[in-house]
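Undergrad: Below you will find the structure I want to go over with you.
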Amino acid sequence: MVMSLDNLRGFALATSSSAFIGSSFVIKKIGLKKAGDVGVRAGSGGYSYLYEPLWWIGMVTMILGEVANFAAYAFAPAILVTPLGALSIIFSAVLAHFILNERLHMFGVVGCALCVVGSIDIVLHAPMERKIDSVSEIWQLATEPGFIVYSCLAVALALVLMFWVVHHTEQRKMLAYVAICSLFGSLTVISVKAVAIALKLSFNGVNQFVYIQTWFFISVVIICCLVQLNYLNKALDSFNTAVVAPVYYVMFTTLTILANMIMYKDWDSQNATQIASEVCGFVTIVAGTFLLHKTRDMGNTQPDSDSLRADCELQEHS
């Protein structure tokens, strides 16, 4: 299947985004560690990392990646752009191996290869971008019953995780943090795509910022991003980067694709073979990310220092 020019542009932007974002995980992790040595750790509710230059460098790197990702959504459908986030896992795992001494086992290398193969499969079978002429069209899609139900369920579940699950469990805290990021992340992607299309149309001479709907989508992006940033910091500070990154990717991508299927109906223009190929590509990526997850400790000859510190904290609170 031949890629359209817009899909090719989206692919290039999404790939560069993954390089920046994957690097930012490691840079921010170093900053969080340094900040935790002199102040209250982010995982314990502290904000000392705000005074750490390395954390801000990681933040700027992530912003550059998100800008590239933001631009990618203006050219290509989310079904193409979002799964390519798997490449950021490869960048973060390899850098963590060499910089953070979070050893990458041979099975981890196989997991990275699976992520690449799955990404290529999705790119080759991605649907064409839906033609949208105004933000009003996006608003009409967003106010259909199916997407309203999804949005309400996503926000309600995230609030339950934030105000009950996180405070009543230690074993599932990492999954709770990641789930909160992913639920809000799926709504972020929907809104980011709307804003990106609004900018694209505005640059082409059709001003979309005269519509109140555009500013509503911008507000959703800001609020959701702030929530994601807070809980992603907690996850990164408390748990191994090689665990957080793949689990976050799988959960975030699954929910994002689901949200886009409900709202934009990206698969309406495709046949069963193309859809099956995309599903197989995504399953291949999921297999790769979980292989990275399951073999995360095989390359380590001694327990990770963060894990030991976390165990000590749990014993002190019990």
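Glycine residues also receive a Cβ, built from the backbone N, Cα and C atoms like all the rest.
Automatic prediction, not curation, is the source of TrEMBL annotations.
Quick paste of what TrEMBL says about this protein:
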- 12-32: transmembrane segment (TRANSMEM)
- 53-72: transmembrane segment (TRANSMEM)
- 78-100: transmembrane segment (TRANSMEM)
- 107-127: transmembrane segment (TRANSMEM)
- 147-167: transmembrane segment (TRANSMEM)
- 174-198: transmembrane segment (TRANSMEM)
- 210-231: transmembrane segment (TRANSMEM)
- 243-263: transmembrane segment (TRANSMEM)
- 275-292: transmembrane segment (TRANSMEM)
Undergrad: So which of 107-127, 147-167, 174-198, 210-231, 243-263 has the most C-beta pairs under 8 Å when paired with the transmembrane segment (275-292)?
TA: 107-127
Undergrad: Which range out of 12-32, 78-100, 210-231, 243-263 gives the transmembrane segment (147-167) the most CB pairs under 8 Å?
TA: 243-263
Undergrad: Which range wins on Cβ pairs under 8 Å with the transmembrane segment (12-32): 78-100, 210-231, 243-263?
TA: 78-100
